[in-house]
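According to Swiss-Prot:
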ACT_SITE  Glu509  active site, proton donor/acceptor
BINDING   Ile476, Leu477, Thr478, Arg484, Gln485, Gly486, Tyr487, Gly488, Lys489, Ser513, Ser522  acetyl-CoA binding site
COMPBIAS  111-126  compositional bias 'Basic and acidic residues'
COMPBIAS  149-169  compositional bias 'Basic and acidic residues'
CROSSLNK  Lys339  ubiquitin cross-link
MOD_RES   Ser11  phosphoserine
MOD_RES   Ser54  phosphoserine
MOD_RES   Ser58  phosphoserine
MOD_RES   Ser65  phosphoserine
MOD_RES   Thr86  phosphothreonine
MOD_RES   Thr89  phosphothreonine
MOD_RES   Ser125  phosphoserine
MOD_RES   Ser163  phosphoserine
MOD_RES   Ser165  phosphoserine
MOD_RES   Lys278  N6-acetyllysine
MOD_RES   Lys433  N6-acetyllysine
MOD_RES   Ser507  phosphoserine
ZN_FING   177-220  zinc finger
ZN_FING   366-391  zinc finger
Amino acid sequence: MAIGVKRNAGSSSDGTEDSDFSTDLEHTDSSESDGTSRRSARVTRSSARLSQSSQDSSPVRNLPSFGTEEPAYSTRRVTRSQQQPTPVTPKKYPLRQTRSSGSETEQAVDFSDRETKNTADHDESPPRTPTGNAPSSESDIDISSPNVSHDESIAKDMSLKDSGSDLSHRPKRRRFHESYNFNMKCPTPGCNSLGHLTGKHERHFSISGCPLYHNLSADECKVRAQSRDKQIEERMLSHRQDDNNRHATRHQAPTERQLRYKEKVAELRKKRNSGLSKEQKEKYMEHRQTYGNTREPLLENLTSEYDLDLFRRAQARASEDLEKLRLQGQITEGSNMIKTIAFGRYELDTWYHSPYPEEYARLGRLYMCEFCLKYMKSQTILRRHMAKCVWKHPPGDEIYRKGSISVFEVDGKKNKIYCQNLCLLAKLFLDHKTLYYDVEPFLFYVMTEADNTGCHLIGYFSKEKNSFLNYNVSCILTMPQYMRQGYGKMLIDFSYLLSKVEEKVGSPERPLSDLGLISYRSYWKEVLLRYLHNFQGKEISIKEISQETAVNPVDIVSTLQALQMLKYWKGKHLVLKRQDLIDEWIAKEAKRSNSNKTMDPSCLKWTPPKGT
């Protein structure tokens, strides 16, 4: 065996090292067919703390270089501490045993004389790691036990080699869309999943991002995306210029550019076609008969080009938001989200996830009794339930009735199951709702429409029994089949009607959903314009408006600011009575045919509850 001089590779930069002895043994493996004739196995032993008997049994016990009076320097590679310009006094360390390509005799060598020279020429390279790089430390040397056998060392080397050879079989890293589903494809018939409605992606896997569904090509989507980006850059540049030219005032008037843009939009909307020609109608009918619901209807010439362009931008933005959610893993194929619900004579598409039990959520389609709100798994179960269900209206007390419209007050403590089912149903259409099961501290006001089959759910709102912040609404919902018919405003009006009876000033609990915020702003605007239309005095008080309408003063001020009716002049706050807005509101009220979509205070039979 050849024995050379070598420093341990695991020594620290300050010149300290472990004084372990390592002996490399050479072995011949004749069973391998690849021609490998030698393998090295490193066996660790105890270091300077070995007893004298073990030193006597060492194979190098008779070497003259191991004198106890003259310690020797071990050779090693240059470390960071030795590369510094300041001279370092060399320390002396006990000589280590290793293999050398030179003579078989050992000698003490001063490392300070050979700090730029390698100590030995190795006849074979060190074993490779699974990544193909040589080990830089003692990571591949087992120092846990001094009695490691030779067979275990060979087995370890073989496992390292096998693990390195298996790396080529690892699957490639998936990119982009493959990161959330590898086998997805667009559900539109005839679509190859190429392109995206936003023009920013190469592939799509949903109808919302399908160019073919929107009667476009992938190239057209890219051109539109470039046009949108260019318009956004121009708008941002113009906003910066406006900000630089403006002075900091409390109420900033519109700039000249904004006024010109408003006039331009008004002119573009005047160019709207009065109607479709006969050829266009035939073209639209042919398109509908050919593709049915698998393609978007043709939208050209239905409205002005400006409004159609706004709609296309909104579509692209919504598609981009959905794509981000999919890439983040929030929307995945096969996720436990109910897609549709069978509710009475309607089939409703859901908007958000609701925490129904897993055995129901995984179905994708839920069947629900529209009277007791019990949810079921199949049409057969629903049919059997409807045959024996005795409920035809919500539980609780009917506190309002005018015509076919009724409102029921349901106590969450007395009718816990019904209120929990109502909250789970509402979560399918509300994003910010967090109340599902703790319904006892709340009262629910359910609005229904009656016919010969029963009282059908229109919507509801809930409120705390004891609200310290005077919230008159905690959650409000209008069912999708009754939206855009005035029922949402009726629910809001009814909540303020209850506040008037309680002689309180109320406000909805925040945050509001997007549709809820639109409804409340429209209601506050209507209330203020009606009040100003009937007001004949010269001085007005926000507090008086609040007490008469039961609207919170903060909501009144924000609405006046949005209408540009609140000004600050010569140290005083002024409310401008804009007659143009009042006349516009009067004209809209005259055109409304559904005058019955209002709440009549005389039809309310209710007294405020005392305590809980």
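Just so you know, glycine gets a Cβ as well, placed from its N, Cα and C.
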Least surrounded among the recorded positions, given as Thr478, Gln485, Ser507, when other CB atoms within 10 Å are counted: Gln485
Distance from Lys278 (N6-acetyllysine) back to Ser522 (acetyl-CoA binding site), taken between C-alpha atoms, in Å: 39
Sequence-distant neighbours of Lys278 (N6-acetyllysine) in its chain (C-beta under 8 A, six or more apart): none
Close in space, distant in sequence - Lys433 (N6-acetyllysine), Cβ under 8 Å, 6 or more apart: Cys423, Ala426, Lys427, Cys475
Composition by DSSP (helix, strand, coil) of residues within the zinc finger (366-391): 10 helix, 5 strand, 11 coil
Winner by Cβ contact number (other Cβ atoms within 10 Å) across the recorded positions Lys339, Ile476, Tyr487, Lys489, Glu509: Ile476
Length of the line joining the Cα atoms of Gln485 (acetyl-CoA binding site) and Ser507 (phosphoserine), in Å: 23
Secondary structure at Thr478 (acetyl-CoA binding site), reduced by DSSP to three states: strand
Between Lys339 (ubiquitin cross-link) and Tyr487 (acetyl-CoA binding site): CA-CA distance (Å): 25
Model confidence over the zinc finger (366-391) (mean pLDDT, whole number): 95
Cβ atoms near Ser522 (acetyl-CoA binding site) (within 10 Å, other residues, all chains): 14
Cα-Cα distance maximum in Å, computed over every pair in Ile476, Leu477, Thr478, Arg484, Gln485, Gly486, Tyr487, Gly488, Lys489, Ser513, Ser522 that the record assigns to acetyl-CoA: 18
Candidate nearest Lys339 (ubiquitin cross-link) in space, where candidates are the recorded positions Ile476, Thr478, Lys489, Glu509 and distance is Cα-Cα: Thr478
